[in-house]
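First up is the structure itself, then whatever we jot down about it.
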Amino acid sequence: MALLVEKTSSGREYKVKDMSQADFGRLEIELAEVEMPGLMSCRAEFGPSQPFKGAKITGSLHMTIQTAVLIETLTALGAEVRWCSCNIFSTQEHAAAAIARDSAAVFAWKGETLQEYWWCTERALDWGPDGGPDLIVDDGGDATLLIHEGVKAEEEYKKNGALPDPSSTDNAEFQIVLTIIRDGLKSDPTKYTRMKERLVGVSEETTTGVKRLYQMQANGTLLFPAINVNDSVTKSKFDNLYGCRHSLPDGLMRATDVMIAGKVAVVAGYGDVGKGCAAALKQAGARVIVTEIDPICALQATMEGLQVLTLEDVVSEADIFVTTTGNKDIIMVDHMRKMKNNAIVCNIGHFDNEIDMLGLETYPGVKRITIKPQTDRWVFPDTNSGIIVLAEGRLMNLGCATGHPSFVMSCSFTNQVIAQLELWNERKTGKYEKKVYVLPKHLDEKVAALHLGKLGAKLTKLTKDQADYISVPIEGPYKPAHYRY
């Protein structure tokens, strides 16, 4: 692939779309900093001691304005950083330009092809002769996946000379991954093994990536320690819930200008993300129907006044369909053929396999009409009616809008900084094995406390008698690890 890495005047590598947007990006970063008190508190608390001095951090996470504040927090604490996005549509060009010019090596632009996406991931992991990063900030697990698949291929190559065969899988994206690994083996047959040996650990941002980590842990194939940031309360109950409540309608309205009030909306899945999406649609005046496999989540939905049905029950009646499950094959092409004309179909789960885009793209005679970037109308020849698909079935809130607002991302990203610090500071103690860990409750509470002042909140203080009565320390943590918020 004929992509060339560029360099700034100071010699920092990058590949972004438009460096002329760097000044614009810097202005928005400065606005976001005011809305991200957790990250700014990390800079104030840890910046003087430079705890990341000597650390090389690779990030694979949406290259947005909010992520820019995270990156510059890591560099303010002493780290060197290389970054790529974890989604082909989520990069904000001005954010990428500002960071590439001022702070870190960035390889990201909006509208990457899948080949370009994995090239960017490979570049973000490439630290030259040193072998790779010390730490990874991951979102969805693609950087982690590339290293694991690379190590597996190198072991096979060393054992019997076998190269990865891209034709061994029907998954077009995984074919690209295997091609990258195969081509790299010829010139450097131990690249990913050296990365594995150097790596201290990874902190994972989202549900889908965490699922991958737990699968590898169960299989005994996890190569380095991992911290599950997603299941911190101040991430999952805020980013996943309140963030989606904000960004779903933002993406819908930017993409389609549709009036949500009066529409019938189907939300597939009623976890934290689904709860936020359903609340947003209900508050906007839609009649919301939930599909669920879990009786507990289904019961929660009914207690919120929502109807719980199957997709087959409502596929021909609804106006808006949103997938939030983190699973695959939720809305198939046969479902889409039965939808009413101009029904809107979108996904807010991490990957693009909740909606059967391959089935849609290969349906005989189907016609794709691009209305604007990331908004396409697909017309079926046998019905002459069409559906509107947002962001090609990928994350619509980042593909069609700018994702979650700065404040809620400050909660998530403060967890990321704390997780990275924890891994780095304990790198020589043996505290973290090749397992998946969750941050302790007192750190979760610390993240929350850092954000209260911005909102004008003031905590009540326990007396010693009160603390003794409920058997908690006066300064916390206030809830047991198993408590459900």
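Residue positions begin at 1 at the first shown residue.
Glycine too: its Cβ is placed from the backbone N, Cα and C atoms.
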Swiss-Prot substrate site partner of T64, D139, K235, D239, selected from E93, E204, E205
E205
On the three-state reduction of DSSP, what should I expect for I348 (NAD(+) binding site)?
coil
Binding-site residues T208, G269, G271, V273, E292, I348: which have a Cα within 10 Å of K235 (substrate binding site)?
none
Among T64, D139, D239, which are recorded as binding-site residues, the nearest neighbour of T206 (NAD(+) binding site) by Cα
D139
Of the binding-site residues listed as T64, D139, E205, D239, the one whose CA lies nearest the CA of E292 (NAD(+) binding site)
D239
Close binding-site residues near D139 (substrate binding site), where close means Cα within 10 Å, chosen from G269, G271, I348, H350
H350
According to DSSP, does T206 (NAD(+) binding site) fall in a helix, a strand, or coil?
coil
